[in-house]
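Over in TrEMBL, the protein carries these features:
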- D33, E57: Mn(2+) 1 binding site (BINDING)
- D85, E88, E213: Mn(2+) 2 binding site (BINDING)
Amino acid sequence: MDRNLALEFVRVTEAAAIAAAKWVGRGDKHAADQAAVDEMRARFNQIEFAGTVVIGEGSKDEAPELYTGEKVGGGNGPEMDLAVDPLEATDSVAHGRYNAISVIVAGAKGSLLGAPDVYMDKIAAGPKAAKVIDIDASVEANIKKVAKALGKDVKDITVIVLERDRHEKLMQEIRDTGARVRTITDGDVAGAIAPSITDSGIDLLMGIGASTEAVLAAAAIKIMGGEIFARFAPKDDKQKTAIEKAGLDLKKIYSAEDLAGGDQLTFTATGVIDGPLARGVKFEGNRIVTHSVVMRASSGTVRYISTDHKVKQ
Ligand code: VTB
């Protein structure tokens, strides 16, 4: 039976997003994350499937729930590997900023890169520019090629970049071409997917972010026909050792297919706070409104789901 588990997972990300959204602006990122983790794990176990967490909250000794290797789901039904982030961009929630989501990627066994949580250098583009980006080319060359592929002037190209000191030079190089920089404080999963979304106003993502986020974004980007290239960029020896211990290649350029392979992939996300991928949770008295995106590689469908949740009195 070909079940669209992604449609069942949307109830999981909705619940996790609502739990996290209750903490928006309260200055406590740990509580926000914990609420999302608890909810995601509990909801997973109400679904009949055999899931294994490949990317989650960390190793078993770091995280009691949704750790790497944890089995989730009822245990019967399809076997799937999972990459999850119950709350991507915890700081944004704590500080009431922009761009946080709850996200689940599922794939066939062995299809998701089991990357340790280290840095990767990334470049991501949408379908029209998927074939012209090159992580080894200069910033200028990439921007010019993307502009040409999109039929735009360079001055109308917008590159989304994580706002970090390490990106000062990158941002200057982007501005020197005449293109625009749009910074985000966190959330380069939605940031990397944004160029693949029509009318997001974002044409490219560039810069260094987390490797686990690269895998999550890759699934959606692949389904939408865009591209992401990523290469490990360890910030210290500890990260370098973690990559080597995982048996991964420090020099390899990973494509979307290398990060999230095959056609059994699904991507499910619910907005916690408004961002380029989905609007955030709204609390409206006796209703809670959520916005989600559900994508499936085998059919290529991209569903946008708005849900009105009745609040139990
Ligand atoms: C990014 C961002 C994430 O981690 O991947 C970032 O998108 C990378 O790490 O939301 P630094 O914060 O050290 O730059 C997050 O901020 C959190 O996972």
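Cβ coordinates come from backbone N, Cα and C, glycine included.
TrEMBL labels come from automatic prediction, so no person has curated them.
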In three-state DSSP terms, the structure that E213 (Mn(2+) 2 binding site) belongs to: helix
Binding-site residues whose CB lies under 6 angstroms from ligand 1, from D33, E57, E213: E213
Other CB atoms within 10 A, centred on D85 (Mn(2+) 2 binding site): 31
Same chain, 6+ residues apart, C-beta under 8 Å of the C-beta of E88 (Mn(2+) 2 binding site), given in sequence order: A100, I101, S102, V103, D186, G187, V189, A190, E213, L216
In the chain carrying D33 (Mn(2+) 1 binding site), residues 6 or more apart in sequence that have Cβ under 8 angstroms from it: A20, P86, L87, T90
Site of maximum Cβ density within 10 Å, from binding-site residues E57, E213: E213
